[in-house]
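Student: Just passing along the structure, written as C-alpha cells.
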Amino acid sequence: MSSQAGNVGSSSSSLAGVRMVVSPKAQLRHARLPAASASMYSDAKYDLNNYKFEPIKESIVAREMTRRYMTEMITHADTDVVVVGAGSAGLSCAYELSKNPNVKVAIIEQSVSPGGGAWLGGQLFSAMVVRKPAHRFLDEIEVPYEELENYVVIKHAALFTSTIMSKLLARPNVKLFNAVAAEDLIIRGDRVSGVVTNWALVAQNHNTQSCMDPNVMEAKVVVSSCGHDGPFGATGVKRLRSIGMIESVPGMKCLDMNAAEDAIVKHTREVVPGMIVTGMEVAEIDGSPRMGPTFGAMMISGQKAAHLALKALGLPNELDGNYKLNVHPELVLASTDDETASA
C-alpha cells in the first residue's frame, strides 16, 4: 500500500524522561484559541449575576427533538452502511467511512453512552496504551499522547473516545442511534441486507412485557462491531451461527497481546456477503487470542472494515489502491488475503 511521509513532526517537553508528543494539527488548533482577557467576561450578556436566556415554548423543544429524530429514522431506513456497536472499532470504522461525504452511515449502539470499553484502560485505570504505528491515527484526529519507544500512552482513554465522537458526529452523513439495539439481521438469500432494530429498553424487557415488534433498517453493508462474548457481545456472528450461515464461533483464546492485535487487523473481513466483522468480534469468530488493554488494533481494524465496506459499495478504497483521500501508514490492510471467509 502507499505510504505518506514517514515521521510525524512533534513538539516535546521533558516529563520524567518521557516525551510528551502533540500532533502538529493539535498545536495549530490550540494556537487559534483566543487568549483569555477580562473583556471576554465583562460583556453584559455574560454577566452571571444577571444572566437571562431567550424565551422558548416547551412544545418547541418537544417538536425540535421529535422532528429531527424521526427525520433521521426516515433517512436511514435505507442506508449505505450500518455499523452495529459504537466501541473503539465501530467508531473508527464510521470515522473512516464518513470521510466520503456521499456514503450514508448509521451507527447503532444499545447503550445510552457510546464508546464501549474505551472510556477507561485496563482494570478501570484511566490511561490508554496504543502500540505503534497506530499512533498515527491519533495524530490524524489530534489526540495528544506520551511517546515511548514502541508505543504511546494517552493520559485518559476518554480523551480518545470523546475526540473521535465529536469529530465523527459533526459530519452530516453520519447518524448515531444510541439506546437502540440490533435484535436481528435482515437476510435475503445468502446476503445480509440490514438489521432489525428496537429501543434498547424494549429489547431488554421482552420477557416482562407483551410482544413489542421491532423496526428495520436496510443497508447495502452491515459492519458488526459487537465486541467479545458476553451478555451483549459478539451478537452478529452468534446470530450467523444460529441460522447456519457460518459453522462455528469458537470464542477467543487466552491473552497474547503481540499475537492478538496483528491477527485482529489481518482477519477483519467480510464473513458472509453483506456483513463485515471488526474489532474483538473477529477474535470470537476465529478463536484468536484476546489482547487485553491495548487499543491500536481496534482503531486499525475499524479502518480496515471501512475500506472493505467502501470496496463492497464499489467506491475507491485502500484495498484496491485507488483511494485518493489522506491515508496513513498505520493502515495495514493485508490486501493480498482473501477478504471473504468461507462459511
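Cβ coordinates are placed from backbone N, Cα and C, and glycine is handled just like the others.
Quick paste from Swiss-Prot:
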type: BINDING; residues: Ala89, Glu109, Gln110, Gly117, Ala182, Asp213, His228, Met280, Arg290, Met291, Gly292; note: substrate binding site
type: MOD_RES; residues: Cys211; note: 2,3-didehydroalanine (Cys)
Student: Measuring Cα to Cα, how far is Cys211 (2,3-didehydroalanine (Cys)) from Gly292 (substrate binding site) in Å?
Tutor: 39
Student: Among all protein chains shown, how many Cβ atoms are found within 10 Å of the Cβ of Gln110 (substrate binding site), not counting that one?
Tutor: 25
Student: Which one of the binding-site residues (Ala89, Ala182) has its C-beta surrounded by the most other C-beta atoms within 10 angstroms?
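Tutor: Counting every other Cβ within 10 Å of each candidate, the maximum falls on Ala89.
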Student: Fewest neighbouring Cβ atoms within 10 Å: which of the recorded positions Cys211, His228, Arg290, Gly292?
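Tutor: Cys211, out of the recorded positions Cys211, His228, Arg290, Gly292, has the fewest neighbouring Cβ atoms within 10 Å.
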Student: Which state, by DSSP, holds Ala182 (substrate binding site): helix, strand or coil?
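Tutor: DSSP assigns Ala182 (substrate binding site) to strand.
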Student: Secondary structure at Gly292 (substrate binding site) (DSSP, helix/strand/coil)?
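Tutor: Going by the DSSP assignment, Gly292 (substrate binding site) belongs to neither helix nor strand, so it counts as coil.
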Student: Can you tell me how spread out the substrate site is, meaning the largest CA to CA distance among Ala89, Glu109, Gln110, Gly117, Ala182, Asp213, His228, Met280, Arg290, Met291, Gly292, in Å?
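Tutor: Binding-site diameter by Cα atoms for substrate: 38 Å.
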